[in-house]
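The block underneath contains the structure these notes are about, expressed in structure tokens.
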Amino acid sequence: MSLLTEVETPTRNGWECKCSDSSDPLVIAASIIGILHLILWILDRLFFRCVYRRLKYGLKRGPSTEGVPESMREEYRQEQQSAVDVDDGHFVNIELE
């Protein structure tokens, strides 16, 4: 028994598709969906950092400060910056002899 399928058979001119119902709407729809899926997958792999960062953080850079006094905004900025700053006192230098 041959390992070849009924659809693909070798001929003298190379591989040839012998699909009798290639104009079937289901086959056409499946082909279109397959091509679209491939295109979307390629775009996802190319731009995944941009896409997922936008989904994670949204369009805004942070919480809305609308209606908040300027003094509270500055206090919030300082808190955020101090949370980001690295405190060198937490690190221990180990010297090997």
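In case you wondered, yes, glycine gets a Cβ from its N, Cα and C as well.
According to Swiss-Prot, the feature S-palmitoyl cysteine maps to Cys50, an assignment based on sequence analysis. Cβ-based neighbour count (10 Å, all protein chains) for Cys50 (S-palmitoyl cysteine) stands at 9. Secondary structure at Cys50 (S-palmitoyl cysteine), as computed by DSSP, is helix.
What Swiss-Prot records for Ser64 (among others) is phosphoserine, and it gives sequence analysis as the kind of evidence.
Residues or ranges marked as phosphoserine by Swiss-Prot on the basis of sequence analysis: Ser82 (among others). DSSP gives Ser82 (phosphoserine) a helix state.
Per Swiss-Prot, the feature region 'Disordered' maps to 60-83.
Marked as site 'Seems to be involved in pH gating' by Swiss-Prot on the basis of sequence analysis: Trp41. Around the Cβ of Trp41 (site 'Seems to be involved in pH gating'), the number of neighbouring Cβ atoms within 10 Å comes to 10.
Taken from Swiss-Prot, the feature topological domain 'Virion surface' applies to 1-22.
Swiss-Prot lists 44-97 with the feature topological domain 'Intravirion'.
Feature annotation from Swiss-Prot assigns transmembrane segment to 23-43; the stated evidence is sequence analysis.
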Cα distance (Å, whole number) from Ser82 (phosphoserine) to Cys50 (S-palmitoyl cysteine): 27
